Amino acid sequence: MELPGLSFAVWMFICFYASVDGYPSGKVREACASMLPCHGSSPKLSPEHTITVNGTEFKPGDKIEVHLSGPDFEGFFIQARDAGHLDSPAVGSFMLVDRRLSQLLTCGRTKNSAVSHTSKAKKKYVKVYWVAPGDAPKRVQFLATVVKKYKTFWVKIPGPIVSQPSAPSSTTTLHATSESVSTSHPVSYLSKPFNASGCGIMKFCIRNPSNCDPESDSCFFLSFQKEKSSVFIEMSGPSEGYLAFALSHDQWMGGDDAYLCVNEDHHVHVSTAYLKGRSLPVLDSENALEDVSWRLVDGVLQCSFRRNIRLPSYKRRFNLDASYYIFLADGEASEGGLIHKHSRQPLITNGIYSVTGLPQDIGGSRSPRLIKAHGVLMFVAWITTVSIGVIVARFFKPVWSHSFLFGKEMWFQVHRIFMLTTVMLTSISFVLPFIYRGGWSQQAGFHPYLGCTVMALTIFQPLMAGFRPSRHAPRRQLFNWFHWSTGTTARILAVVTMFLGMDLPALDLPDPWDTYTMIGFVAWHVGIDVLLEIHSYCLIRKVEVIGDDRVQILQSLTSAEAEGRLFKQIVLTIYVCGNTVFLIAFLAAVNQI
């Protein structure tokens, strides 16, 4: 009875030893089906190694060079499989180039249908030849498992797809949300990033920022290159969630033809979708994309694919020989490939373009022109004109009381001109978002509500001023109080509204630069106000009050104020220059979006 027990212990030791030691000799026939090394740990997700070939087409009997390269690795396992059925047995046979690094293995009934390492020696590059069999499928994809260290390995790294010249178009199902069932899709891993060479010459490109190069810059890039009856598309951007672009007949989401590259557990899925209103994309059960490839390195997601210019059997796919607005968006994706609403305004071209027409190299804007104009006009009105008008009325009344302009005191005319300009700019700016949105925005928070309040106060202020009592009327003091309180309330609410509006996705100002600019302006305005108040207080202290003679006091005060005319004019000039600097900085930021 002891012998069977001893045999069982020996058998357990052998199994345990094999599972721990792995396959340093490369004899990995047990992994032919799964391509998974028996190392007792989970594979890594983002590949560091790439597979390349020297051609994309083959005929039975052809030899294709296959290269595996990347950082130092100890073991590898290469197979070729039917691209439409990646779980099927190995296809074709291999020939060796360097027998010191690689050896042939037989998987299933096909001799020499896999290649593996011969030892644990470090290597960076392996080259072999794949020989196409007579019964090869129409499309073949190369797969590799790479072992960097014992517990650091990648399984089934997708390589290039090669096809026979008569291979039909692929319409393999692909999904990217939790509402659908994932299926295998013939994809390959990009060996290097895209570049901007050929933009405007051979291919139609959209870049943000303009003139950036996705090969060296972390920027958003979309290109279309016409190839006979199809278009090859490249998309790149700094996103670890998803990238998407859409073709649209207008500058609004809804009724659009969309294409998504979604990162799902460090593997990128490419799919087509239909945008229905401002809701989540409706993914297609089938897509018409071919030659799908992807890359996800250092937080930059890149994918490429090909589709026919016309797809009559796909009703929601637009023809690529027509002109459209083009959207480019990015956002987060949760576990399972479920995408979330983009956190920033999509990049939108300023006009309609045909991606198969004359090659162009253009940019786009994440802020529509009407929204830009709205922000600029409000900034000019409530940062520049209203501020200067208030300071003139409050501090320059004694200085300019004896100067006249168009029959009225100069301070009053200057004050009125700036305030009426504020009313005009605010009124024009107020209607622009309604024109752009086509109605009320439900997604702008408190900004539109406060904006409507400011607009109402802006209209009420000049109407109230038109019915002001005469200077010595009993109700003049009550008017002065209402006029001041209404104007002050409007200014405070306007600044708060601008703070809220600067963070809205539609304007997409650089954060936190926009907040710092507004804080800087408020501090600048309060500082000038305090300086002029201190100056006025110092002048009043100089007034010699003789008894209770109010006339004498007024005359002395007017004389003292006149003495400070030069100082106030210098401060006003500095204030106007400072406001101009804030305005130029804001315009420069708006011009970049």
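Just so it is clear, glycine is given a Cβ too, placed from its N, Cα and C backbone atoms.
Unlike curated records, TrEMBL annotations are generated automatically.
Not measured: the values here are computed from a predicted model.
The domain 'Reelin' feature in TrEMBL is assigned to 13-180.
Looking only at the domain 'DOMON' (216-331), the predicted model's pLDDT averages out at 88. The annotation domain 'DOMON' is assigned in TrEMBL to 216-331.
Feature annotation from TrEMBL assigns domain 'Cytochrome b561' to 336-535.
Annotation source TrEMBL lists signal peptide at 1-22.
Among the features that TrEMBL reports, transmembrane segment is placed at 376-396 (among others).
Annotated transmembrane segment per TrEMBL: 417-436 (among others), in sequence order. Among residues of the same chain six or more beyond the transmembrane segment (417-436), those with a C-beta under 8 A of the stretch's C-beta atoms are 368, 370-371, 373-374, 377-378, 380-382, 385-386, 388-389, 392, 448, 451, 454-455, 458-459, 461-462.
What TrEMBL records for 448-467 (among others) is transmembrane segment.
The transmembrane segment annotation in TrEMBL covers 479-501 (among others).
Here TrEMBL flags 513-532 (among others) as transmembrane segment.
Summarising the annotation, TrEMBL assigns transmembrane segment to 570-590 (among others). For the transmembrane segment (570-590), same-chain residues at least 6 beyond its ends with a Cβ under 8 Å from one of its own Cβ atoms are 367, 372, 375-376, 379-380, 383-384, 387-388, 391-392, 396, 507, 509-510, 513-514, 517, 520-521, 524, 528, 531-532, 535.
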From the DSSP assignment alone, can you count helix, strand and coil residues within the domain 'DOMON' (216-331)?
0 helix, 69 strand, 47 coil
